[in-house]
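J.: Below: one structure in C-alpha cells.
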C-alpha cells in the first residue's frame, strides 16, 4: 500500500510541479531545482517601481492642474467674438464681488445687484446684436426635498437677467421662444466673499455675453443669462425665475456653480446626453458620472439650482462646478487672491465654446425628457459618453472580452485539471491579498483614531497616500508573496506564469463583480469604474501572454512590459483617484456625523483595489530575498507619519475649521403672551467631528457655563435651539450652548390676527414680522391635525418629535428694503370641540440677522476674538420665540 502511495505522489508531482506548459518556455530551474537568477528582479527595485507609480500620479496631478495661458484684451482683435479674456473677466469679477459678502436681503446685496444691472445695461448699449436686460422681483414658495424637507418661502426676491436675442426671438406677450439658459448666482453665504461660489462663473458669463453680443449674425436660439440673487437661501432665485416670461422658451440649461476653487470646472450632473456630446468637443473636458452618483446618493452635502431646473422647470441640461479646493467653500478664504492664473480663462474658454455649439444647433429647438448617461474623461483629452442602454452592451462585451482572455491563458498553459485548480488557488490568493490590505488599513485607521487627531489630511492631503495607500500595498504585497511561496513549492510554475496567473485571477474577480453589477438597477453610472480598467488590463494581457508564448522573458523584460502595458490604465485610475480625493477630503471638514477617517480609509482602499487591477501580479516578479527589509523600511516610514501630530487646520492656510455661532435669546410665552421661560447665550452648532470640542477648549476660561441639552432635546423639537437651516437640525443635540447676556434687540413678532372655528375645523390667520431670514416650526398638540395652509407648496410634515408631526417653513425677504413686508399666512386645523378653548398648536419663530456685525454686543465680539485663528466663524444674532396658540 505504501508503494502505491509513493507511486501516486510521484505521478501527481510529475503532472503538476514539473510538467511542461503548452507553447510556453518553462525551463527556469537548474538541476538543483533552484530558480535561475534571470527570471526574477531583485526585491529592492520594488521601491523604484513604487517611485515610478508615484511619479505617474504626480504627472497626472500636473495634467489635472494645467491651465491655459491668460489672454489679455489687447491680444484679441476688435472683430474677434470667439475668444475669451481672463483679464476682462477679472474686471467684471471685481465689480460683481465688491469687498463684502452679498447675503440676500442685506443692503450690500442690493447695492451689488444695482451694480450688476448697470454692468449688463452697459453691455447691452454697446452690443451689435439685440440684448435685453431685466431686474425681476418675485415672491413665491415651494417644497424642497432635503434630508429634513420643508416649505421654502421667499418675498421680494431679486434676479438680474439678460437675453441675447437669436433668430427664435420673442412671442407677442414678451416671452421667449427657443432659448438656452445659462445660470449663475451672485449672492454669497454670510462672511464669505464668494469669489468661486459663484463670482467666477458670473464674471465669465458677463465676458461671454460681451463677446457674443459683438457678432454680426444672430444665433439660431436666444441665450438667457440669469444672474440669480438667492441661491444660497437655498435655491430660491432659480425657483423665482421659473415664473419669468423669459423662462417660457427655455429648452436647455447650463447651470454653473462651485463647491471649491481652482482646477477645471467639471460636469457632475447631466440629464441631456446631447449636451454632454457638445461639451465633449470643448477644450479640456472634465467629468465623471460617478460624481453624479455620489451627489444623488447624498454623499456630497450640498445642492445646486440644477435641482430646480430639473424638478420644477422640467428643463434638462448640464450642471458644471469647481470641486477642487473644497476647503475654501463657504469660508473666508473664498477670495480672488486664491484664484490661480488661468482658472478663469479655462472656465471661460469652455463656457464660450459650449454656448456657441448649443445656440447654433437645431437639435435644441425641442425640449427632451430627462435621460441619464455614462460619461468620463480620459486625461482631460476626450470625454466618453454613452446611454445607460448602451452601457449594458459595452459592459457585457467587456465581460466577454475578459472571459476570452481567461480562456486564452488556460489554453496557453494547457487545458487540464491542474491548470484550473491553480487558477482557482490564485483566485483565493488574490482575495487573501485584498483582505490583508483591507485589514492592515482598518487596523492602522483604528490606531490613528484612538491616538491622534482625525482629519489631519485636511491640511495635508498627501497624508492619505502614506497612511492608507502604502499600508494597503505593503500588506497586500506581503500576503501575495507568502501565498506564492506556498503554492510554488507545490506546483513549480515559473515566475512569469505565476504573475500572469495572478493577473488572470484578478480579471476573474473583476468579471464576476461587473457581471453582478449588470444585474443591479441604476448601476450604469458606476460600472464604468470596473469596465475601463478591466478593458485595459484585458487588452494588455493578450499582448503579454502572446509574448510569453513565443519568448522566454527575463524578469526585467517582463517587468518593463507590465509597466508599459499598465500605464494607460493607470492614467485613467490616477486622475479619478485624485479627483475623488479632492472632492471627499474637504467634505469631511463639513460633515457633522460619523468617523471621517474611516470614510477616507474606505474610499482610499476602494481606489487602491481599482489601481491593483491594473498592475495585479507584477509584485510576483520581484525576489523574496530582502523583500521583508524593504517592506519593513516602508512600514516604519508610514508609522512615523501616522503618529506625527499634524493639525487638520491651518492658522493662515485654506484648511480652516467651520463654525456657525448664534448669539441668541430663547423666550417662551403662554397663550396670554406672558413669558414663562427666558434663556440667552451662544449656540455653537456642530459642523465636523472637532469643532464643538475645539470651541469648548477655546472658551474654557471664558467664565460661561454650558447648558445641558439632553432634557430640552427630549421635550422640544430641535432641542428648543435656534434653527437656521433645517438640515442642521439633526445635529443640534450635539452642539454647544453657553449661557451669556442676551443679544441686541431688533423687531420681530408672530401674532394671530383672526381665529374662527366651524365645527371641528379651525382657521387661524397670522402675521409675522422680522429680519430677512426666519424659520417657523409648527407642532400641533395631540389629537389635533394640521390639514391646510395658505402656502402654495404641498402640506407635508418635515419630521416627527414624540410621535407628533413637525412642520417647518423657512422664510426670506431676499432683497433689502428700509422696512420689510410682513409675511401673512393662514393655517387650518382639525380640532375636537372640547379642545378648541385651549391652545392646540405650539409655534416657534426663529428670527435671524445675518451679516450684520454692527449688531454684535461687545461681550460677543470679545468671545469671538478669544478663539484660535483657524476658526472660521459665521456669527449671527437670533431671537427664538415660542408661542402657544
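From the backbone N, Cα and C atoms, a Cβ is placed for every residue, glycine too.
Predicted, not measured: the structure shown is a model, and the values here were computed from it.
Pulled the feature table from TrEMBL, pasting it below:
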TRANSMEM  45-63  transmembrane segment
DOMAIN    172-354  domain 'Peptidase M28'
TRANSMEM  390-411  transmembrane segment
TRANSMEM  423-450  transmembrane segment
TRANSMEM  462-483  transmembrane segment
TRANSMEM  526-547  transmembrane segment
TRANSMEM  559-578  transmembrane segment
TRANSMEM  598-622  transmembrane segment
TRANSMEM  627-646  transmembrane segment
DOMAIN    655-883  domain 'Endoplasmic reticulum metallopeptidase 1-like C-terminal'
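Context for these features, please: burial, neighbours, distances.
T.: The list of residues near the transmembrane segment (45-63) in space but at least 6 beyond its ends in sequence, with Cβ under 8 angstroms from a Cβ of it, reads 379-380, 465, 473, 477, 559, 563, 567, 570-571, 574-575, 577-578, 615, 618-619, 622, 627, 630, 634.
For the transmembrane segment (390-411), the list of distant contacts is 22, 374, 419-420, 423, 500-501, 504, 507-508, 510-511, 514-515, 517-518, 524, 527-528, 531, 534-535, 538, 541-542, 545: same-chain residues at least six beyond its ends, Cβ to Cβ under 8 Å.
Here the transmembrane segment (559-578) has Cβ contacts under 8 Å with residues 41, 49, 52-53, 56-57, 60-61, 63-64, 288, 290, 376, 378-380, 499, 529, 532-533, 536-537, 540, 543-544, 547, 553, 607, 610-611, 613-615, 617-618, 621 of the same chain, all six or more residues outside its ends.
Residues 40-43, 45-46, 49, 53, 430, 434, 437-438, 441-442, 445, 449, 457, 464, 468-469, 472-473, 476-477, 480-481, 484, 495-496, 498-503, 505-506, 510, 529-530, 533-534, 536-537, 555, 558-559, 562-563, 566, 569-570, 573-574, 576-577, 580-581, 584-585, 588, 591 of the same chain lie 6+ residues outside the transmembrane segment (598-622) yet bring a C-beta within less than 8 angstroms of a C-beta in it.
Mean model confidence of the domain 'Endoplasmic reticulum metallopeptidase 1-like C-terminal' (655-883) amounts to 95 (pLDDT, 0 to 100 scale).
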J.: Under 8 angstroms, Cβ to Cβ: which one of 462-483, 526-547, 627-646 has the largest number of such pairs with the transmembrane segment (423-450)?
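T.: Most contacts with the transmembrane segment (423-450): 462-483.
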J.: In the same chain, which residue numbers or ranges, 6 or more beyond the ends of the transmembrane segment (526-547), come under 8 angstroms Cβ to Cβ?
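T.: Distal contacts: 289-290, 293, 374, 376, 391, 394-395, 398, 401-402, 405, 408-409, 412, 500, 503-504, 506-507, 510-511, 513-514, 517-518, 553, 558, 561-562, 565-566, 568-569, 572-573, 576, 610, 613-614, 616.
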J.: If we skip the immediate neighbours and take only residues 6+ beyond the ends of the transmembrane segment (462-483), which ones have a Cβ under 8 Å from one of its Cβ atoms?
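T.: Residues 46, 50, 54, 429, 432-441, 444-445, 448, 456, 502, 581, 585, 600-601, 604-605, 607-608, 612, 619-620, 624, 627-628, 631, 634-635, 637-638, 641-642, 646.
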